[in-house]
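Working notes, structure below.
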Ligand code: KMT
Ligand code: NI
């Protein structure tokens, strides 16, 4: 099960949990209303046949998919890529990740008060970050994740680093989440 919490403000290693003291968890219902993030838990033993992923792909129009594996050995330019992933940014389309193995953290901004919410993802978690949400990604201290990436049409992975407040994707995101 995915779990989420408001982050502390320490500059320590990004791979640590960064829980507040005392912890301030965010439940899934609040995560949806605060950020517009969508979440499903899929069965890793049956997702290829059970139709759950197929239905999500069909409903949301995902036509492209590939696999990304992040580890010092598997990802070319690992250090550089991790820096890019961890710079606060947005995209003009959804960022869709289905974790096949390993784990990591997606940090997203709460749209109302701009605080960081850290979402821990593990094998079986399917996360959809809406277009226009400010976010970043890091591995945790286990240093490994493998995930499927989906996209509607030809993929565009371009990150727009913050500030990108004037972009239509950003304005539309805020309108839909704050409505
Ligand atoms: C991204 O865009 O941040 C990534 O693809 C890295 C995370 S994938 C589990
Ligand atoms: Ni991104």
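Each position is counted from 1, following the chain as shown.
Placement of Cβ uses the backbone N, Cα and C atoms for every residue, glycine included.
Marked as region 'Disordered' by TrEMBL: 1-25. The helix, strand and coil residue counts that DSSP assigns across the region 'Disordered' (1-25) are 0 helix, 7 strand, 18 coil.
Every protein chain considered, the tally of other Cβ atoms within 10 Å of the Cβ of residue 135 (Ni(2+) binding site) stands at 23. Residue 135 (Ni(2+) binding site) falls within a strand segment according to DSSP. Positions annotated as Ni(2+) binding site by TrEMBL: 89, 91, 95, 135.
Spatially close to residue 89 (Ni(2+) binding site) yet at least six residues away along the chain are 134, 135, 136, 159, 160, 161, 162, 164, judged by Cβ distances under 8 angstroms. Summarising the annotation, TrEMBL assigns Fe(2+) binding site to 89, 91, 95, 135.
The DSSP secondary structure for residue 95 (Ni(2+) binding site) is strand. Close to the recorded Fe(2+) site, the chain also has 90, 129, 133, 134, 136, 159: residues not among 89, 91, 95, 135 whose Cβ is within 8 Å of the site's Cβ mean position.
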